[in-house]
Amino acid sequence: METQLLEGKKLAEKMQSEMKVRVNSLLEKGKIPGLTVLLVGEDKASQVYVRNKERQATKVGIKSEIIRLPETISEAALIEQVEQLNEDASVHGILVQLPLPKHINEQEVLRKIDYSKDVDGFHPMNMGNFLLGNASALPCTPYGIMELLKAYDISLEGKNALVIGRSNIVGKPMALMLMEKNATITIAHSKTKNLKELAQQADVLVAAIGRGHMITGEFIKPGAVVIDVGMNRDEAGKLIGDVDTASVMGIASYVTPVPGGVGPMTITMLLDQTIKKVEAE
Ligand code: GUN
């Protein structure tokens, strides 16, 4: 079977060029979408993600700012920063880059974001509304994956979908979105015993594990759609996914490359949700 790449980068470019038009029409009304990212500490991966978010935001015409805060900042001081941004009318989207240092309670900080400015969909109000089927912002990574599947006309109805990983930012919301499209979902995680057998039955497999090249061809049902959320570094420092892409070629029907698959879609959905906040004003 010929395996087709799900080219997130290309779709992201197309969506972003449409966003430029949307931002221009907002500018004509005197409205400039503003996105502020709070980055705490020196985590290397987070620094790269945040820089990418800022660069792409600027490219579509969003006014973007990164506030860099020291690793040692107290939870109270971080919350104060969030509250200042809540009050700032030029800021439409607030994003607190995760993970936060261990001494800070992530949930406490996220719940302090004005939920109408939550462009990540992580505020408990948005998470709750999402669970009930009427979210005003969605977690960007699974949302981007759903857009990618839609763009390639991949139907999910009645399919067996396996999500490997149960994080709040990918695994849990991913499973829910697939379920909403009438897939039959299974969630696997580090304690799952029969991962390979489950994977071999999956028509759609989403790998969000955080272990480089863990999913190889022998895990894949012939014809399956394979989505790779992994962003790992190999010994040489090269970016690699959770899926050994070369080994699934010829078995899967579709696979997302790393880089150029899910990553660009995540950022694109963040931009989309930021612009939507201003469009809805
Ligand atoms: N860390 C890894 N992915 C994300 C994301 O989508 N949003 C935020 N805020 N932090 C992340």
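The backbone N, Cα and C atoms fix where each Cβ goes, and this holds for glycine too.
Just so you know, TrEMBL annotations never went through curation; they're auto-generated.
TrEMBL has this to say about the protein:
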{"type": "DOMAIN", "residues": "6-120", "note": "domain 'Tetrahydrofolate dehydrogenase/cyclohydrolase catalytic'"}
{"type": "DOMAIN", "residues": "139-279", "note": "domain 'Tetrahydrofolate dehydrogenase/cyclohydrolase NAD(P)-binding'"}
{"type": "BINDING", "residues": "Gly165, Arg166, Ser167", "note": "NADP(+) binding site"}
Three-state composition of the domain 'Tetrahydrofolate dehydrogenase/cyclohydrolase catalytic' (6-120), taking helix and strand from DSSP: 59 helix, 19 strand, 37 coil
Chain-mates of Gly165, Arg166, Ser167 with C-beta within 8 Å of site centroid, NADP(+): Val163, Ile164, Asn168, Val170, Gly171, Lys172, Ile187, His189, Ala208
Ser167 (NADP(+) binding site), number of other Cβ atoms within 10 Å: 17
